[in-house]
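Participant: Once you've had a glance at the structure underneath, I'll fire off some questions.
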Amino acid sequence: MARTKQTARKSTGGKAPRKQLATKAARKSAPSTGGVKKPHRYRPGTVALREIRRYQKSTELLIRKLPFQRLVREIAQDFKTDLRFQSAAIGALQEAAEAYLVGLFEDTNLCAIHAKRVTIMPKDIQLARRIRGERA
C-alpha cells in the first residue's frame, strides 16, 4: 500500500471539549486526596518468563552454599558421626543435587503440560519420578 501524506483536519465541534473538562477536573481533585501513586505492576506471567530466561542463561548455583552444607552434614550424621567433608566434595554434591532438581522440574513441567495445565502440582512430580523408575 502506498504511503499517503497526513494533513491536519479542523475539528467540527461536538462533545469532545466537555469530556476534556471533566477529565481535567478529575485530575485536579485526585492529587488532593493524598497523591499516592499506584505502584507499577507487570502482568501475571511476565516476571516469571523473565526469570526463566535469566536462570536458563546463568550457570551459578541457585541454592545458598551454607544452608546446603548444613543439610549435607545433618543427613550424614545419620550414617556416621564425626564425618569431615572437603569443600570440593560439598560443591560436587550441590552441583549434582541442583542438576537433578532441574531435570526433575523439566519432566514435571512436561507432565503438567500433558495434563493441559501450566501449573505444576505434586502429582506431576510423582508421575515424573514413577516414569523415571525412581519410585514405584
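Cβ coordinates are placed from backbone N, Cα and C, and glycine is handled just like the others.
Feature annotation from Swiss-Prot assigns N6-methyllysine to K5, K24, K28, K80 (among others). The feature N6,N6-dimethyllysine is assigned by Swiss-Prot to K5, K15, K80 (among others), with similarity to another entry given as support. Summarising the annotation, Swiss-Prot assigns N6-acetyllysine to K10, K15, K57 (among others) and lists similarity to another entry as the type of evidence. Under the heading N6,N6,N6-trimethyllysine, Swiss-Prot lists K28, K37 (among others). The region 'Disordered' annotation in Swiss-Prot covers 1-43.
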Participant: DSSP three-state call for K57 (N6-acetyllysine): helix, strand or coil?
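Facilitator: Where K57 (N6-acetyllysine) sits, the three-state DSSP reduction gives helix.
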Participant: Long-range neighbours only, meaning 6 or more apart in sequence with Cβ under 8 Å: which ones does K57 (N6-acetyllysine) have?
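Facilitator: The answer is none.
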Participant: For K80 (N6-methyllysine), write down the residues of its own chain that are at least 6 apart in sequence and whose Cβ falls under 8 Å from its Cβ; none is a fine answer.
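Facilitator: The answer is none.
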